Structure formats: structure tokens, C-alpha cells
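For reference, the structure is listed below as C-alpha cells.
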Amino acid sequence: MAMNYNAKDEVDGGPPCPPGGTAKTRRPDNTAFKQQRLPAWQPILTAGTVLPTFFIIGLIFIPIGIGIFVTSNNIREIEGNVFMYYGLSNFYQNHRRYVKSRDDGQLNGDPSALLNPSKECEPYRRNEDKSIAPCGAIANSMFNDTLELFQVGNASDLMPVPLKKKGIAWWTDKNVKFRNPPGTDPLAERFKGTTKPVNWVKPVYMLDSDEDNNGFINEDFIVWMRTAALPTFRKLYRLIERRSDLHPTLPAGRYYLNITYNYPVHSFDGRKRMILSTISWMGGKNPFLGIAYIAIGSISFLLGVVLLVINHKYRNSSNTADITI
Amino acid sequence: MGDPTGRREAQRRRQNKPGPSEKYELRADGPTSMGSLAYREDLEEEKNSEFTWEVQANNQAYNSQFKEKVFLCWQRKKYKKNVIHTAKYNVFSFLPLNLYEQFRRFSNLYFLLIILLQSIPEISTLPSFTLLVPLICLLTIRAIRDLVDDIGRHKSDKIVNNRPCQILTGKSFLWRKWKNIRVGDLVCLHKDSIVPADLVLLASTEPSSLCYVETADIDGIKEGFPEEVCVQPQEIAHAKALRPGMPILEHPGGGWKVVCEEPNSRMHHFVGCLEWKGKKYPLDIGNILLRGCKVRNTDTCYGLVIYAGFDTKIMKNCGKIHLKRTKIDHLMNRLVILIFVSMVVVSMALAFGFWHKVKEFKAHHYYVSAMHPHSVAVEAFFIFWGYLILLSVLVPMAMFVMAEFIYLGNSVYINWDQHMYYEPQDLPAKARSTSLNDLLGQVEYIFSDKTGTLTQNIMTFKKCCINGVVYAESFPRPRGDPRQGLACASPPPPQENPFLWNKFADGKLLFCNTQLLQAVRANQDWRVREFWRVLAICHTVMVQEMNSECPPNPGDQLVYQAASPDEEALVTAARNFGYVFLARTQDSITLMELGEECVYQVLAMMDFNSIRKRMSVLVRKPEGSIYLYTKGADTVIYERLKKKGETEWATEEALASFATETLRTLCLACKEVEEDVYKEWRQRHQEASILLQNRAQALHELYEEMEQSLQLLGATAIEDRLQDGVLETIKCLKQGNIKVWVLTGDKQETAVNVGFACELLSENMIILEEKEIVRILEVYWENNNLQGGKKKELPLQFKMALVINGEFLDQLLLSLRKEPRALVQNVNVDPLESWQEPGEERVDFLQARRLSLMWRTLGIQLRSSGLIPQHKDSKTLRIAEKQRERAFVELASRCQAVICCRVTPKQKALIVTLVKKYQNVVTLAIGDGANDVNMIKTADIGVGVAGQEGMQAVQNSDYVLAQFCFLRRLLLVHGRWSYMRVCKFLRCFLYKTLASMMVQIWFSFYNGFTAQPLYEGWFLALFNLLYSTLLVLYIGLFEQDVSAERSLELPELYIAGQKDELFNYWVVLQAFAHGTATSLVNFFMTLWISQDSAGPVSLSDYQSFAVVVALSSLLSITVEIILITKYWTILFLLAIFLSLCFYVVMTSLTQSLWLFKHFPKNFPFLYADLNVLSQPHIMLVILLNVSLNTLPVLAFRVIYQALKKPQRKEEVEKVISEEITVEPVPCIRRESRARRSSYAFSHREGYADLITQGTILRRSAGVNSDMLVDHTVPPDEPSGSMKESLWYPRKMSFLGRKRHSHHGKVSSEDMQPPSEVSSSLTMDGQAVCPSSPPSQQSLAIWIFTGEVAIFS
């Protein structure tokens, strides 16, 4: 609570007649800013002025929508690179405690975090006095089914479709965010003093034979560690590269999918899915986006028409008063 | 001299009778003991003032022995030092104290608690920095502001504490600093120095040890009365009639001892006694020099410090600022509570959802089951708190801090506004309060003081009518500022100064009529001569000769000091026309009549009072004949004329025309009195004046007898000049649906006159006065009773105005007076309570009456009111009172204008309270004087007019203006803008908070109610702080819906604020709905699209999803704010640009590798934005979200506007047509010529007695008085008016209210030539008075009010 008394008032002698009649005037500066007269544009939104916007938006959105929709439908033709996904439903990868249960420091190759993971990883932090690498619930519950795709040949022989393991994770994840523990030793040596997550069959440094896809920078692992936003999600599993321009990547025919079932989803009523898709410039097959664009474009166009009518009807009145807030 | 004391005692008792009014007297200027009795009586009556304050001059050992218990056995010196510290903090205490202050604010404390909760890992749903960073930023900003304020205070403290002054040390006065002054010190002050502490004046170089002080710093005083007088006890003055300073040096320490009351805040009250050489002398406020005053016209004076530092009256008076809060403030607080409550409810609902989900998690979802070690109930309990933390982002924490800055900014604009700068006084407008700006846009009632606020309180002699001939100004005066006019002195250049022949002519007078001048100089018509003589003789003006340094024009040396500006104008006019009032003594008046000096012997002064409405002076002319000169209200004079001939009719016509021009008129008359008639009359007069009973009555009758068969001389017309632009301002405000009430202490006639002058009243209005009001209220009352307590409209469709006076209000406001709390709080009375009671009880003053013919013609159903006044019990009575108040307020609010005259400061405040209480509207009080302080403090907004009257009003006000007309701009431009800005800001803020944060709730449905935050922690932390703040801040500071010019052209725009149109629950609901819609769109559109997305970088992972929703929200909000902003300046573009830049920069920073490397846990969103936004299809999603959020709303808004406008137009037309039909109201003429009797005579009675009793005064105030006591006693008026006159401190400075007790004489040195007579008389007085018993000493309150002198 401030005092009402201001010693300054005493000094100044209050507003009238400053002592000694100083030559300095207290007239406020006549600047545009102080006088609140900054040059300004005062847009007045009336039916007439916003009308073109609606038409323009309508005219832009509808073609975009159609474009997306058409491309999205064309994706059915499996050409170009084909992405192979696995999908899970009713799996809460966005559960708060689950999301937190990781140690980004450890995954980034921090040697101290490797041996002493963050507390966030509890209760998947240590096992039998050894720190778990990678620690945490996310890593522990890593999807470990194996999917293999075979093309059923003419003579019912199975020709394996080559599935590429690399290139399925974000480049920045693979090259920046996830790092193996530093050193030149073999991976097993570098992970010394750690143990595998409880649910895992083999330790992290044995996820893949490829040195460049092993340990923390194993792309399957990285993909899993990038948690999903929703309980029903799909994750990129493999890449089927197009071999030549002449042939479709996955020519029409019968295919055989071999699933090594490791991952239990039954207990929580989960579902597993396998999805094959190509992507275009606007992502994967996504009819919804296209439809949404077309819808909004149409609505915008329609509103434009309504505004046109209103503008026509009330033109006289709308010119006069603009006093609304 | 009679025996006035007994009577005064009786009066005094009457005043001091503990009545309801006394109970909650506001300190600053409540009627403190105005009585003029010796201190012993005060002693008896002042129960609370024990004389425990002892000070010995220059005896530190003695003074410091007094201790004061502070805490347990710890004591400190009782007498404070003169150091003042208004600063709140010092270096060490700043941090803890400031933090303490800040955490006393609920919102800060709340967030602190949330942050503490967050540290519990079980429920920590948000990263710790998310709430910590904003809180720290807000605390820092706030602390910096406090720090800057406090540094300013420190600086000014330092300046004040280090001011030099002379203190007696040893045998000589040495220069010391103010802070060195201790109680008991002897201080020497020189001309123009500021009084450093409260002193008892001991001696001064002036004769009779007077000291003149200017109180402008404390409250200021009117121009022309720059000196207040501190009079010393006469005896002491004698004791030191030696040489200045001598006694003090001779007796270091002097042996003076002061015993007085403890320090208190009563500015006008002091009781104590001074002991010197074994004798005791009473001290009262007149002997005290208060800290902050300035010594004027006194070379040197000496004082004894009794109160120092914070014990001084001025410091005691600056209590805590009464915190005024705005409507929006209240709404905002309620809103936050509402949000908080709904947050708790939502949290509980979500926790309940989790209750179900957690069972499933524990049982089936093996991958998370280990995460839920606790039982289901405990887990749900935890999640409840988790949600409370998560959703705390919905509580707009930053809103309060930002609102504070917006308020500050808008206040600064007021200070900066050139249009509210008043050049002649070099005075810009000033917003002293920085938290009421939006309220300025909602004002519905303005309570205005009259004098000094509406009017300039400068009376100008406009016209006169002599012998039936009207003389107006013969050349037009340049319109414009009168002060400038005063400055350039003479009439316009083309003409030579017509008064050159008259060396006494006052250049200030602008009235001139060559024709009249010729007539005067011809000196042929006796009526013309007598006309000016009346003006020169019949008055109570005091004259003072200034020691001017320009000998060629000795006329300038005459300075008139009048109790009312009217009289001054009249006497000055006479002076210019050659009838110069030179001097007055107790029994003579010296005139210079056209260069010839004449001395008139004053035989009797028949003073003015409000009943007589006239004043007469009986004089013996130099040639020996006796004349009675009278001036007074036309009605009164006309009744007493000898004959009514052509001249009289012509004069009456002139009077009527003056009245229509709203000039204040006065009739002048005279008659010759036969010597024997006089002798006989004098005999009876002397008998009457010593009567012990009914003296006033007897005198009154004698006066009446003498003032008969007069000869009319003419009439004068004086203009009570309105301030510049008052007319336009009032008109404009009325268009803006603002009701202007004039509350004035002035008389009814003058108030009505001003009402007409400023067009508040007009001829086609029905002016309701007391009687009519009573009748209407009765009808209202009955109708209400008959309809079972249902509220019925008052039957008034006509243009009406109320004119009421203080007495009437006194009766009306009884119940308010009983509940002092109502003064401070805006009590909402339960309407049922006051209407249930069948109002069978009549209140005494509402006598049962039949309706007058007037109301019959208006078609009001008449019902006989055979109700007899009776008191049942206090409760029903109180209800009746309340009902009456309510009815009154309702009636008043329907009137076009309300004028309350003769109201005391307290009543002013009560009226404001009344309106606040029953109308629940925003009130604004504007005034300039000390008598407006109560009102200014009580009203929602107090505006002080910093004019001639100084600082008291200003220091209690929220806004300071130099002129009334600036009110228009303050309200219509600044007020409206501020209100609009604040409303828009709040709306935007709510919208943006909800739009961005509601997604948390939606997300909960998809994450198993685990309270997982959707947004990245840093986005949450910075969103309200950086990304979205600048734009709403821009709206709050710069938005202009219409330009200033247009705001002034269309005052109707102001109505929106009065109706709370821009921010109310409906608006909040809209913002809420809009925000929810936006959040739904952002969340679900993204969700649906993400389900099908593919590719390594898709929407389906949590981080990408979060980024897309966050960016969609941010952009949607930005676009929305862009669209509703109507004032796009370069700053706006800058704000947009900066906001987006902040997003880009901060996002890339928080998602950078470097931070991730070091704090992987706190910065987990490594390169998320980069990856996501490099995908074109994700950009398309964001675009989709933003356009879906924007387009329909935009279209809806435009369509709604287009459809609404025609309607509005129709409404306006309707209103106009209605008004037209209402217009032709039968104009009921008031029977009396009320308007005409707005006579120019605004001062109180009692003045003449002061002259005749010779109690006045000293020379410097221009009073050369001291005359024989011819008759002494003022008519003993009915108690009401007496009380009134006492209560009626119009326009007085607080020091002006000091009692100046004079012991019946003024020393001879005071007297200046040319009054040889007077000096001998004073000698006489001197000889008599000191020895005379106290009862014979006449004690006078002398209140210089500019207009009013109060006598008791």
C-alpha cells in the first residue's frame, strides 16, 4: 500500500506554478506516437471487402483438394517406393508415464547415462544390479514381430521381396538424436556393464548385424522410440525400394506374408496390422485431407455467394456506419 | 459588543451535539470544531485528545526522555525525527519484501503452489520450467516496475530530507538539513522557505508577529488570497514586540514548553498550550505552521517544532490510498475463479475417466502396468492433481500482469495528450491512478462541483441598468481565455483605454460603455451618481494597498479583498467609473468620487443574509445628510420601493433580459433618511442590539423598518463566467447518455442560474423543487403500495430537472448516514427487502398531501393519502427510509438534470453514495476544492480540476485536469478507448488461452486420461509469454476502433461502455465458445488426417502431432487477432513479425542439438519442427486448420454486422421520433420569478459584523477595519440556516478553515494610511481588550473562502 503522500508533490509544489517559473514547459510532445496518431490502415471488414477473399480461397482450395484426392486415390497403384507398416491398436504409447520412461541422454550415447540411467526409466532402470540399456518402458515394450514378404511365383514358389531396413527413421533421429556409446571398440564392448531390457530376447547391440544399424541407432528401435500420438497407430517397418522404372515395385500377384509372432497384444485387446503404401508429394494415401480441402473450398465459395447477396442487399446501409467493435 | 459568547456557546453545543452526521466524519474536511472558543473548552469536549505531548524548546534531554513502547520491553523515542521515508524498500529488504508483496496476490500464490505441486514426481505432469519460466518472468517484470517506482520515491525523499533550514544550535541559527530537525528545535524560516515540520509560531518580523503562509502545496488557495495568516497569541506577540529574533537568542531554549495533543490527522484542528515564564497561553491551529506550507511576505519567523516527520499533520493525513477497483477488474477476478472452478471440475471428471482406465492398464496393458504401483483410488487421486497442474495453463496468469501494463500505458496516454494540456497554466492532464482507465469508458453519472469547475469563479461586470437605461459593453470583448484577457489588461487595442482619466482604474475590468462613461463624467444625473455610490459604499470589501513599484499608476496599488467575487466585481466597476473605494474603518468609508475624496460616516450596516437577500448601509454623507444605500435581489427590492413608475418597469424588463442571458442580477436602491427618523431608529437599534433574547428578530424588524420606500436606482448584471467549453462538453456528455449533476454549496438561485447558463436546464423543462419532489414521491409510494410492492415506473415522460437543497437531502439521506460503510462500499441492496414492507409508515416530512393541479393535468391518478406520519419501530422506519431513497434516486435518474445546492461536502459524498447504491452505475465526481474531496474519494472516479484552488482536490483525485472541458476528451476518447482496449484485450486473451490450451482436454480422451501434455513444455512456457503476447498487448495499448475525432463527433458511441456491452458474461461465453471451437478444429482435424498419414515423417507420432497442433493454434489465434484489430500501424506489423520471429527463434533454440546434448530431458523435441515443417503435406494440414478456424467466423461476423446495422438505424430513428412526440410538454411556469432572483450576492452573512465589531483583521488581507461597534450581532437565524452557513465551507482551503481567534484588536502598526481615524480606534481597542474578561472578547472564525465568510 503506497502512501498517498508523495514527497515529490512537495518538491514540485504541485501542478500549478512551478517554483521559479521555469522556462521549460510541460506541454506534451507532439509526436504521432504520443498523440496516438500513428499512420494507420483501418481495415473495415464488411461483406464487400471480405467477399473476394472467400472466392479466392474457394478457388484455391477446391483444386488443391481435388489434386490431393486424386493423387491419394492413385496411390493405390503401387508404384515407386513402397512403405511397409505395422499397425497396433489400443496400444497406449502416449500414456504419460510410458512416454516419460526413457533416457534420451542414454540413447544419445552419453556414457554416464548408459551406466546410470535416468530415474524416469523406473522400474525398467536396473536389472540384477546392471543398468538396462536401453532403459525404460518404451524400449522394454519394443515391437518384435518379424514380418517377411514373399511373392508367390508362378509355380507357387516363394520369392522373398527385399525389405530395406534402413531409411525408415527420421534422418535427424538416426544421425543426431540416437547415438551409440562412443568408442571404437565393438558394440558389445561399448555396452559393457549393461543388461538387456527385461522383455528383450537379445541385447541392444545384437539387434542387427549391420554395424550401422545396430545398437541405439537401429532404425526399428528408433521408430519404436518415436512414440505415437494416438493409441491406434502405425509405424514404418520396412521399405520396398523400386528397382527399375519399368517394373512396378510390387507387381500384381499373390503375396505371402510370414509373421513371426512374438509380440502379445491379446491381453489388451490389441490388433496388429500390416499396411503397404506408397507416398506421394502430399504424404501417403490420405483421402480425408483432399475431401476436407474440397469441402472447405466449397464452403468458402458458398459463403462468398452469401456475402455477395448480402452486400448487394445492404450495400447502402453498410457504407455509412462502421461503428461496431 | 453585547454578550455574544453565550449565544455562541449555545450554537457550538448545537454543532457539537453528537448527531448521526458526526459519526463518520471524514477526516480531511469534516466539520472539525469550528467553534471559536478557548482551548479549555476544547479540552473538555475533546475526549480523545489527551495532553500527553510535551515539548520543551531546545531541550533535547527533556524531549528524548519520552519513550514509546514498541514491543515488549523494547522502547524507542516517542518523538519521531523529521526524516521521512516514503520509499517502501531498501537494498536489503527489496527482494524479500517485494516477493512477499507479490505473492500476496492470489494468482501468483496459486502458481507458486502449482509449481510446488509439480515437484512431486507422482503428479508432475508438466516439465518444471513450463510454469516456472513465465512466473519468474512476470515476477521480474513486476519487481522492476516496483523498483523503478521506489527509486523515484527514494530520490524525492532524499531531496526533501536534505532541504536546508536554520536550526538554533547554541546561540545561533545554523544551516542544517530537514532531516536533522528534532522535536523541540527552534527553527528560523525566511521568506519563501517551506515549513519543514509542524511548528508553533513563536515570533516573526511582521507586526504583531503574524506570519503569512501559502498553503498551495498542501491544498492551495485561491488566487488573490495568496496569504494565509497564522496569528499568534497576542500576548506573546507583545512579548516579542522587541526586535525580531531577539527574544529567542536571548533565551536559548527560551523556557518555552508546549503541551498539546498527540499527533493526529485533523488538519484544521489543534489544541495545546504554551507555557512561558510560568504563564500559559492557549494554542490552536491558528498558531501552527504546518509542514509543507510556504512562508510568504514575512521576512523571518521563528517556530518551535512540535511534530516532526511522520507525526506532522500532512503526513498523518496521507493515509493509505483507498484502492478503487473497476467493474472489469471484478469481472476478471470472478472469471478467473470461474475458470479455476471449472478447471477443478474438469480435472475431477478426467480423473474419474482415469479411474476406469487405470484398472484396464493395470490388468491388461502389461507394458504400463508396472507404472501403476498404487491402488486405483490413489492413482486416480494423483491424476486429479496431475490434471490440476496440467490445466493450470488455462488460468490466464499473464493476463493480470499484462493488464497492469495496459492500464499503465493508457494512463500515460492521458498524460501525453496535447489536447488536454492547458497552456495558460502549463498544465497537462495527469492520471494519478493507473487502474481505473476502463472505468472512464463506462461513466454514467457525473457529479460536478460548480464554482471553479463549471464556472471560472471570475465574476465580470457585464451590464448595468441605470434609471431604466441599459448599458452594455460598447465594444465587443475578444472571446477567449479570460486569464489572457487579464494578462493583457486593457481593452482591445483599437480603442484607447477609456479609463485613462481615472488613475485608480483597474485595468482588469473589461466592461466599458462610452455612453455611460460620458454620463458619469458629466456628473449631472443624481441617479447615476447614487448608483455608483451604492456600489462603492454598500459592500463588505476590504481594501489593501500594495507596495507597488510602479508609481505612475497608483491605482494599481489598491487591492480589493472581497468575500465574494461578485462584490469585488461591483466595487471594481465603481472604481473604474470614478467612484473609488479607498479605505474603510470601523465607522467610515473613504471614497474618491471623480477625483474628489469624500469620507462617509457609516451609521449602520445591515448585513446580508439569505432570508433578507439584501444588504444596506446607512451613511452620513460628507455634507451631512443621511442616506440608506441598499442592494439586493430584485424581488426583495421591488417589494420595498416607494413608487413603481416607468423607470421601474424599464428596469424590470432589463432584469428579465439579464436573466435570460443567465446573468446574475442585483438591484440597487437608496433613500434619504431624515435626521430625526434616524435618531429615533438608532435609539431603538441600540436597544435591540443589547437584547438578550430574540435579538436577531428585533434587529431584523428594525432593518426591515428602515429599508422601506426605497428609490430604485438601477440594476447590475454580473456574469458568472463559465469555463471554456463547458457548454459543448455538457452537451456532448448528455449525448453520450451521461447524466451531469451539479452539486454545489452555492445558493439555489445561483446554482439554477448556472444550470441555465450551461444549458443543463432549459426553459421547456419542468423544474421540480422540493415540494414537487415530495408530491411525486408520494404518488410513487402509493402506487407501489397498492400494487403489492411491485415496482412501478415513475410517471414521468417529460423533460424534467430536479433542484434540491441540502436540507431536503439531509432528511432524505437519513438511512445512509446511519450506515457509514455505505460510504465506502458499493452496497447492493436486496431489492426485495426494501419493497416487501407495505409502506404504511409515513415519514414526518412527507406530509400527507393531495396532488397539485399540475399533476392532475399530467394525468396522474390521484389517491388520497390519508396516512398519518408515525414511527413504528426502527426497522420499518429504516426500510421506509431506504424506500424513499430509492424512489428519490429513481426519480432523479429520470430527470434530465439534477442540481443540488447548498450541500455540504459530506452531503456531496452521500449523494454519490446514494446513486452508487441504488443505481449501481459508474460515477465520476469532478471538483476543484477541498469541499469536493469527500465526493471525489467516494465516487468511482474522482477528477480534480487543478485550477486556482490548489491541491487538496487534486491530491485525492484519480485524474487531474486543468479544465472541465477536458472531461469530454477524457471520457469520450481516452475512456472509451481504454474501455474498448481492455475489453478487447481480455476477450482476446481468454480466447487465445482457451483456443490453445483446451486441446489438452481433448487429448486426454486419447491417451487414457493419463494427463499427458500435448504440447512441448517450452511451447507452453513461451506461448503466453512471447508468441501470442505482443499482439494482445498491441490491442490493449494501440487499438482504435474509431478515431478520436469521430469519438467526439459521435458521443453515442460511449453508450456501449455504460451498458457493459464489450465485456460481460455473454462476451465471455462467446470467447469461450470460440476458443473451444478453435481447439476442437485444431485437434480433431489433425487427428483425422494423421490417422492415414504415411512416410518416415508423418503426423502419427506424438512430437509431430504436437508440433502441428501447436502451430495451428498459434497461427489461428494470430490470424484471428489480426482480423479483429482495426488499427493497423507499423507497430502492429512489427508485433506480428516479432511474434512469429519469437516462435521461429525460440523453437529452433529449444529444439537445437546443443541444448539437447546438455539437457536431453528438458529439450526432447530435437528438430521436430524442422522435420515436420519440411513436409508440404503437413503444411497443408496447418493451412487447412487455420482456414477452417478463420473463414466461418469471419463470414459470420460480417453477415451479422450487415444484418444488424439496418436494425440499429431503425432503432435510432425510432428513438428520435419518440423524442419529438415527447417534446411539446405544457411548460409550467413557476410562479415566482425564481430565475430572476439569481442575484449576485453569493457570500454568507456575518461579514458586516466582522467589520463593525472591528475584529478584523490585519492589514495584509486587505482589511482595514476596526470600527466602533454600532451593532454587533448577526441576526440569529433559524438553526437550519445557521448550521448551513457553518457547514458551508465552499471553496476553502484547509488552512482557510483555521480559526483565527482575535482578541478583539489589531495592533496599530497594522493600520495603513489613509485612515487616521482607525489608528486611534485601534489604540483604543488595544487598550481595552487584553484587560477585558474573556467573555467580552469577541472570538471570530474567519473563514476566507473566496466566496463565503462564515461567522459564528
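Cβ atoms here come from the backbone N, Cα and C positions, even for glycine.
In TrEMBL, annotation is done automatically, which means it is predicted and not curated.
Record features, source TrEMBL:
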| type | residues | note |
| --- | --- | --- |
| ACT_SITE | B:Asp449 | active site, 4-aspartylphosphate intermediate |
| BINDING | B:Asp449, B:Lys450, B:Thr451, B:Glu567, B:Phe608, B:Lys631, B:Arg664, B:Thr744, B:Gly745, B:Asp746, B:Arg902, B:Lys908, B:Asn931, B:Asp932 | ATP binding site |
| BINDING | B:Asp449, B:Thr451, B:Asp928, B:Asp932 | Mg(2+) binding site |
| DOMAIN | B:55-131 | domain 'P-type ATPase N-terminal' |
| DOMAIN | B:954-1204 | domain 'P-type ATPase C-terminal' |
| REGION | B:1-34 | region 'Disordered' |
| REGION | B:1298-1332 | region 'Disordered' |
| TRANSMEM | B:335-356 | transmembrane segment |
| TRANSMEM | B:376-401 | transmembrane segment |
| TRANSMEM | B:989-1006 | transmembrane segment |
| TRANSMEM | B:1018-1038 | transmembrane segment |
| TRANSMEM | B:1063-1090 | transmembrane segment |
| TRANSMEM | B:1102-1123 | transmembrane segment |
| TRANSMEM | B:1130-1156 | transmembrane segment |
| TRANSMEM | B:1176-1200 | transmembrane segment |
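Here the CA atom of B:Phe608 (ATP binding site) lies 24 Å from the CA atom of B:Asp449 (active site, 4-aspartylphosphate intermediate). Counted within 10 Å of its Cβ, the other Cβ atoms near B:Asp932 (Mg(2+) binding site) come to 36, all protein chains included. Per DSSP, the secondary structure of the domain 'P-type ATPase N-terminal' (B:55-131) breaks down as 34 helix, 11 strand, 32 coil. Secondary structure at B:Phe608 (ATP binding site), taken from DSSP and collapsed to helix, strand or coil, is coil. The stretch in B:376-401, B:989-1006, B:1130-1156, B:1176-1200 that contributes the largest number of Cβ pairs under 8 Å to the transmembrane segment (B:1018-1038) is B:1130-1156. Computed over the domain 'P-type ATPase C-terminal' (B:954-1204), the whole-number mean pLDDT of the model equals 90. Distance between Cα atoms for B:Thr451 (ATP binding site) and B:Asp928 (Mg(2+) binding site): 8 Å, as a whole number.
Within the chain carrying the transmembrane segment (B:989-1006), a Cβ under 8 angstroms from the stretch's Cβ atoms is held by residues 335, 346, 350, 353, 387, 390-391, 393-394, 396, 399, 402, 1012-1015, 1023-1024, 1028, 1032, 1068, 1071-1072, 1074-1076, 1078-1080, 1082-1084, 1087, 1109-1110, 1113-1114, 1116-1117, 1120-1121, all 6 or more beyond its ends. Of the candidate ranges B:335-356, B:376-401, B:1063-1090, B:1130-1156, B:1063-1090 contributes the most Cβ pairs within a distance under 8 Å of the transmembrane segment (B:1176-1200). By the count of Cβ pairs under 8 Å, the stretch nearest in packing to the transmembrane segment (B:1130-1156) among B:335-356, B:376-401, B:1063-1090, B:1102-1123 is B:1102-1123. Cα-Cα distance from B:Arg664 (ATP binding site) to B:Asp928 (Mg(2+) binding site): 22 Å (rounded to the nearest whole number). By the Cβ criterion (under 8 Å, sequence separation of 6 or more), the transmembrane segment (B:1063-1090) is not in contact with the transmembrane segment (B:376-401), since fewer than 3 such pairs are found. Counted over residue pairs 6 or more apart, the CB atoms of the transmembrane segment (B:376-401) and the transmembrane segment (B:1102-1123) come under 8 Å in fewer than three pairs, which marks the two as apart.
A Cα-Cα distance of 13 Å separates B:Gly745 (ATP binding site) from B:Asp928 (Mg(2+) binding site). Distance between Cα atoms for B:Phe608 (ATP binding site) and B:Asp932 (Mg(2+) binding site): 26 Å, as a whole number. B:Asp932 (Mg(2+) binding site) carries a helical DSSP state (H, G or I). Nonlocal intrachain contacts for the transmembrane segment (B:1102-1123), taken as residues 6+ away from its ends with a CB within less than 8 angstroms of a stretch CB, comprise 988, 991-992, 995-996, 999, 1014-1016, 1019, 1023, 1027-1028, 1031-1032, 1035, 1078-1079, 1081-1083, 1085-1087, 1090, 1136, 1139-1140, 1143, 1164-1165, 1168-1169, 1171-1173, 1178, 1181-1182, 1185-1186, 1189-1190, 1193-1194.
For the ATP site, whose binding residues are given in the record as B:Asp449, B:Lys450, B:Thr451, B:Glu567, B:Phe608, B:Lys631, B:Arg664, B:Thr744, B:Gly745, B:Asp746, B:Arg902, B:Lys908, B:Asn931, B:Asp932, the maximum C-alpha distance rounds to 32 Å. Its own atom aside, the Cβ of the residue listed as 'active site, 4-aspartylphosphate intermediate' has 30 Cβ atoms within 10 angstroms in the protein chains shown.
Annotation note: B:Thr451 (ATP binding site) sits in a strand segment as assigned by DSSP. The sparsest Cβ neighbourhood within 10 Å, among the listed binding-site residues (B:Thr451, B:Gly745), is found at B:Thr451.
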